[in-house]
Amino acid sequence: MGRGMSLENDLNDSNAYYCSCDRALIHKKPTPIQVVKVDYPERSAAKITEAYYKTPSTTDYNGIYRGRAIDFEAKETRQKTSFPFKSIHPHQIEHLKKVIQHGGIGFFIIRFTCFEETYLIDAAILIDMYYEGERKSISYMKVKEVGSLIRMGLTPRLCYLDNVDALYFKEEKSYGTKSKRGNG
């Protein structure tokens, strides 16, 4: 399995669960490609042998949750001490800044594979650190400090919407109950 695929599979399974129980509608965004060359080794089978990315992809996932647009990038690292900023592309930072500017929820999900820990970090916090000085990474300890550890389970595999509730819907009770303002 390729780098980042384990986290991606966990998120895809979690999102399928959230959709099936009507809690959220969040999908993996396809990366647009331009097919250049196709071989036909068999009459009924086509094999793409050359393709290019049409445009840089923005973030990995987007959708809607509790009436708000949600958009996030998922990353994995095998490093034990930090998460390298070179894993985040400038156009992803700019996209998440726009999501936040327009009232959406933007964040990063970062998995430290060596510790089997996955964290949710508000995009605004990580963006500030990204632009801060000559920083090349965010330390594991800083991720633990500014992020929130995502509970792993069976179904959903990653219970990240609990973290979203705690971070972005603090004044409201958890999903499925009436809020303090009474508009559930």
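For all residues, glycine too, the Cβ spot is worked out from N, Cα and C.
It should be emphasised that the depicted structure is a prediction, and the values quoted were computed from it without experimental measurement.
Quick look at what TrEMBL annotates:
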type    : residues                   : note
BINDING : THR58, ASP60, GLU73, GLN92 : Mg(2+) binding site
SITE    : LYS75                      : site 'Transition state stabilizer'
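Overlay of TrEMBL feature records on the structure.
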residue : record              : DSSP class
THR58   : Mg(2+) binding site : coil
GLU73   : Mg(2+) binding site : strand
GLN92   : Mg(2+) binding site : helix
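Put simply, THR58 (Mg(2+) binding site) is 13 Å from LYS75 (site 'Transition state stabilizer') when counted between their Cα atoms.
Long-range neighbours of THR58 (Mg(2+) binding site) (same chain, six or more residues apart, CB within less than 8 Å of its CB): LYS29, ASP71, HIS91, GLN92, HIS95.
Neighbour counts of Cβ atoms within 10 Å were compared across the recorded positions ASP60, GLU73, LYS75, GLN92; the minimum falls on LYS75. What surrounds the Mg(2+) site, by Cβ distance within 8 Å of the Cβ centroid and not counting THR58, ASP60, GLU73, GLN92, is the set LYS29, SER57, THR59, TYR61, ASP71, PHE72, HIS89, HIS95, LEU96 from the same chain.
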